[in-house]
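Structure record follows, encoded as structure tokens.
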Amino acid sequence: MSKVAKQYAGAQVYGRLLSYLKPLWKVFALAVLGNVIYALASAAMADATKYIVAAIETPSPEGRLLVPMLIIGIFALRGLGSFCGGYFMARVARGIVHRMRLELFRHLTVLPCRFFDSNSTGHLVSRITYNVDQVTGAATNAITVVLREGFTVIGLMGYMIYVSWKLTLLFLVLGPIIGVLIGYVSKRFRRISRRIQSSMGDVTHVASESIGGYRVMRTFGGEEYEFNRFMKASEYNITQALKMSLTQALSTPIIQLVISVFIALLVWLALSPEVRGNMSTGEFLAYITAATTCAKPIRQLTEVNAVIQRGISAAQDVFMQLDEPVEKDEGSYVADRVQGRLEFKSLGFAYSDEGKPALQEINLVIEPGETVALVGRSGSGKSTLVNLLPRFYDYEQGEILLDGKPLKDFALTSLRRQISIVTQQVVLFNDTVTNNIAYGALADATPEQVREAAKSADALGFIEQLEQGFDTLLGENGTRLSGGQRQRMVIARALLKDSPILILDEATSALDTHAERNIQSALETLMKGRTTLVVAHRLSTIENADKIVVMDQGRIVEVGSHRELIEKDGAYAALHKLQFSEADA
């Protein structure tokens, strides 16, 4: 168990969980009132037994009329209590689910990139869907049973004490015995619940990977492999669920057997004249009815333990994510629009404290409006360097200055407003063309501005040919568009944002040469008047850059124009020869 999970173990988790009830306390109070009414009606039903017996022993017209009315009244009251308790608790449950999911999702949007690097999408989605439902079961469904059946037991026990406190003392011995049994199974329930939640995350993760990569799966014949992977995850989930069911199936009848033995002993003692005393036949039957009626609510109270333990285990997982530290945003400087001068001074960075440095002693100056290309072999640190600009990761060594001001002095929102990013991994949403271009903070853009951005990105032609033009739904990640069309959509989004700094991280590497050539004019339009950093794989696309920075093993090894570096006949020239010799071959 993690430190966070330990910190909020047991009652502390439930206490934090119940804090979600505060905004809904009025509705919750109505649910409690309904359960109290239900419990009182159940106790009244036991007491009504003596009136029924009396009416049978001494028949009278009044008894014949009043006893049936009493029964109808008690059941009507019980029905009212059941309705109020059930309906208002359901409203509380939906309210908690909604609030917790919103809080979880909101927190997810402000977590640092490192968190997403170490957590799979499937597990994160499973927390928002499956785990929150389990938590709600503990917070509401379990409370319904605890309140309704708990008040019922209290009401019946109170009545039994009133009728014969001596007999009832024996019944109270049940408490510690049942408590020991519940304590044992609770630990097992919680342990298995954690495994079930983890396995549900595995199931979701495998399914989402297979669905998202269905083209690769079919192309490479991975259907059987993915099926077996999913089957193993699902079988583990079933195994843990069956262990939970087995524990619950064994604990419930054992507790019921203990209760039945005590009730039998109670009846045996009550039949003794010395113990029974002056109890009438009606009072005796009413007492036995109350004692036997206690069995059902006590059984339900023990069964709900499984729900509570599942909820506590799920809550530990949910609270663990909610307690994850958010992105550091200690800067306060808000810039309207920067000029775009960047300076890297002795910059160093590693993805982990123990890991090998990804960047070492980076010193570089980029003037406003310059186009700087970053080239080098895979793993040389190109993408890492550009990812530090919008502070997706925080650097600890050296400094990055933007217009002479340390990057960490900028408020994150202000800093990221100055930067547009176009990568090889195009992200489009299952929304309209307009909403994909005018995304997020750009939502206030006018239709004319969106259209102009699409035109500048050379996307207007294919957009107008879509069924509903700018109102066409694109499907998940724009599956209805070709690779080049999807890339032009992202360029249109960047044009609409109109940021002074542009990052092109292998923006055309996923396209073929023909598509890349067609999109080049849109990229040139996007780059005009902006400080542009281009992470390039194809050297032919960056020959006109103002400055080419060659990186190797996290260090800058060469800087210069294309002509200067070719004449120097160093690392860049070697890369250039290698790439163009492969192209000729």
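Glycine residues also receive a Cβ, built from the backbone N, Cα and C atoms like all the rest.
The ATP binding site annotation in Swiss-Prot covers Gly376, Arg377, Ser378, Gly379, Ser380, Gly381, Lys382, Ser383. Annotation source Swiss-Prot lists domain 'ABC transmembrane type-1' at 29-310, citing sequence analysis. Annotation source Swiss-Prot lists domain 'ABC transporter' at 342-578. The transmembrane segment annotation in Swiss-Prot covers 24-44, 65-85, 143-163, 165-185, 253-273, and the record cites sequence analysis as its basis.
Taking the centroid of the Cβ atoms of Gly376, Arg377, Ser378, Gly379, Ser380, Gly381, Lys382, Ser383 as the ATP site, the other same-chain residues with Cβ within 8 Å of it are Thr384, Met551, Asp552. In this structure, of the binding-site residues Gly376, Gly379, Gly381, the smallest number of CB atoms within 10 A of the CB marks Gly379. Under 8 Å from some Cβ of the transmembrane segment (65-85) lie the Cβ atoms of residues 30-42, 44-45, 48, 51-52, 55, 144, 147-148, all in the same chain and six or more residues away from its ends. For the transmembrane segment (143-163), the list of distant contacts is 31-32, 35-36, 38-40, 42-43, 46-47, 81-82, 85-86, 89, 171-172, 279, 283, 286-287, 290-291, 293-294, 296-298, 300-301, 303-304, 307: same-chain residues at least six beyond its ends, Cβ to Cβ under 8 Å. Sorting the binding-site residues Arg377, Lys382 by the number of other Cβ atoms within 10 Å puts Lys382 first. Ser383 (ATP binding site) falls within a helical segment according to DSSP. Take the CB of Ser383 (ATP binding site) and look out to 10 A: across all protein chains shown you find 17 other CB atoms. Most buried of the binding-site residues Ser378, Ser380, judged by other Cβ atoms within 10 Å, is Ser380. Across the domain 'ABC transporter' (342-578), the prediction's mean pLDDT works out to 88.
In the three-state DSSP classification, Ser378 (ATP binding site) falls within coil.
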